[in-house]
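Below is one structure, written out as structure tokens, with a few remarks after it.
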Amino acid sequence: GGVCSLEPSLNGFKEMCSCPLGYKGSSCEISPCGKYGKPIFADNNFRCACLPGYSGDKCERDMCWQHCQNGGTCVVGIKQPECICPKHFSGRRCENYPNKTKCSCQNGGDCVVVNEKTVCKCPDQWGGYNCEKSIRNSNPCKNLCQNGGVCVLPSVEKDPICYCRDSWTGATCNQPASCRNFCKNGGICAVS
């Protein structure tokens, strides 16, 4: 929708575009509403009509981003995202797991489900798969796992293990899963 013109330059003439309101780029290719919206112009201004599943002034917010738990698939309902849960899971965000009662956490440990596995999340001073081992000095699990990951200390002699949520990976659940096996030769992946 831009107007192209020839402008004088050092090498003769150069094509230049005069872009409509909100559009940018040498060919007016950058929409003011990003990839997920369409601008609607009125009274020398515009607003963005977002595609289903996106919201925000410039349609920048993915309503499904990290919405469903335990491998649930997010679909956009009439006004809000909904989850299609994998086998054995239920709840608005697939947060309920029927076999949670099969956990045998001791000493105040909480049974949590991470990627269809039930694991015990132990309080400070307790470790082991069922929180059965006393950790007298300090708990190596404390604040180790990030982004909702659950730390398990198999025994006092072994290193702690982080069980990461579906959308995270890495030894401490600090890398987005989209980074999994992305970089080669020691490269560090970062999602922007």
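A Cβ is built for glycine as well, from the same backbone N, Cα and C atoms used for every other residue.
Per TrEMBL, domain 'EGF-like' is recorded for 24-57 (among others).
Proximity of distant same-chain residues to the domain 'EGF-like' (60-95), defined by a Cβ-Cβ separation under 8 Å and at least 6 residues beyond the stretch ends, is recorded for 34, 36, 52-54, 113-116, 165-167. Annotation source TrEMBL lists domain 'EGF-like' at 60-95 (among others).
Other Cβ atoms within 10 Å of the Cβ of CYS74 (disulfide bond) number 19 in total over all chains. Marked as disulfide bond by TrEMBL: CYS64-CYS74 (among others).
The annotation disulfide bond is assigned in TrEMBL to CYS85-CYS94 (among others). Taking Cβ-Cβ distances under 8 Å and a sequence gap of 6 or more within the same chain, the neighbours of CYS94 (disulfide bond) are CYS68, GLN69, ASN70, GLY71, GLY72, CYS83, CYS85, PRO86. DSSP assigns CYS94 (disulfide bond) to coil, not to a helix or a strand.
Sequence-distant contacts of the domain 'EGF-like' (99-132) (same chain, six or more residues past either end, CB-CB distance under 8 Å): 70-71, 86, 88-89, 139, 141-142, 149-156, 160, 163-166. TrEMBL lists 99-132 (among others) with the feature domain 'EGF-like'.
Listed in sequence order, CYS105, GLN106, ASN107, GLY108, GLY109, CYS120, CYS122, PRO123 are the same-chain residues at least 6 apart in sequence whose CB falls under 8 Å from the CB of CYS131 (disulfide bond). In the three-state DSSP reading, CYS131 (disulfide bond) counts as coil. Here TrEMBL flags CYS122-CYS131 (among others) as disulfide bond.
The domain 'EGF-like' annotation in TrEMBL covers 137-174 (among others). Remark: secondary structure over the domain 'EGF-like' (137-174) totals 0 helix, 8 strand, 30 coil, with classes taken from DSSP.
On its own chain, CYS141 (disulfide bond) has CYS122, GLY127, CYS151, VAL152, LEU153, PRO160 as residues at least 6 apart in sequence with a Cβ closer than 8 Å to its own Cβ. Per TrEMBL, disulfide bond is recorded for CYS141-CYS151 (among others).
Taken from TrEMBL, the feature disulfide bond covers CYS145-CYS162 (among others). Note: CYS162 (disulfide bond) has non-local neighbours LEU144, CYS145, GLY149, VAL150, CYS151, GLY170, ALA171, THR172, CYS173, i.e. same-chain residues 6+ apart with C-beta under 8 A of its own C-beta.
If you look up TrEMBL, you'll see CYS164-CYS173 (among others) marked as disulfide bond. Around the Cβ of CYS164 (disulfide bond), the same chain contributes VAL114, ASN115, CYS145, ASN147, GLY149, GLY170, CYS173, ALA177, each under 8 angstroms and 6 or more positions distant in sequence.
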Candidate with the highest Cβ count within 10 Å, taken from the disulfide-bonded residues CYS64, CYS85, CYS122, CYS151, CYS173: CYS122
Return the average pLDDT for the domain 'EGF-like' (60-95) as a whole number. 82
For CYS64 (disulfide bond): DSSP state (helix, strand, coil): coil
